[in-house]
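Here is the structure we will look at, set down as structure tokens.
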Amino acid sequence: MGIRLLCRVAFCFLAVGLVDVKVTQSSRYLVKRTGEKVFLECVQDMDHENMFWYRQDPGLGLRLIYFSYDVKMKEKGDIPEGYSVSREKKERFSLILESASTNQTSMYLCASSL
């Protein structure tokens, strides 16, 4: 019984190791003047349908800004005000701040899933 369980656990770890998803966000650090338009790009390489933009402020958890479940299909999250998004290609999801303000100073995170 013990060796079969060990083999199953090892197989699970091997299966997890075969998946190498890459989600790239640009820019890592970005400083803009108040009122400027800001573009944040997110690119994933696993042909995922779903992509998400989150914001995390000090002392708070992640808050969903926008999500997309396919090309040109986008939905507002919990805090969409002041933001827009674009998804013309499956692998790319852009977050746009039309007019940057000091209350948008934050850490922005992009994610993707099947």
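Cβ atoms are placed via backbone N, Cα and C, with glycine included.
Annotated disulfide bond per Swiss-Prot: Cys42-Cys110, in sequence order, evidence recorded as experimental evidence. Annotation source Swiss-Prot lists domain 'Ig-like' at 27-114. What Swiss-Prot lists as N-linked glycosylation site is Asn103, and the listing cites sequence analysis. Summarising the annotation, Swiss-Prot assigns signal peptide to 1-26.
Overlay of Swiss-Prot feature records on the structure.
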| residue | record | DSSP class |
| --- | --- | --- |
| Cys42 | disulfide bond | strand |
| Asn103 | N-linked glycosylation site | helix |
| Cys110 | disulfide bond | strand |
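Cα of the residue listed as 'N-linked glycosylation site' to Cα of Cys110 (disulfide bond): a span of 19 Å.
Summarising model confidence by region, the domain 'Ig-like' (27-114) averages a pLDDT of 95. Remark: Cys42 (disulfide bond) has Val23, Thr24, Gln25, Met51, Trp53, Arg92, Phe93, Ser94, Leu95, Cys110, Ser112 as non-local neighbours, by Cβ distance under 8 Å and separation of at least 6 in sequence. Of all the recorded positions given, namely Asn103, Cys110, the one with the smallest number of surrounding CB atoms inside 10 A is Asn103.
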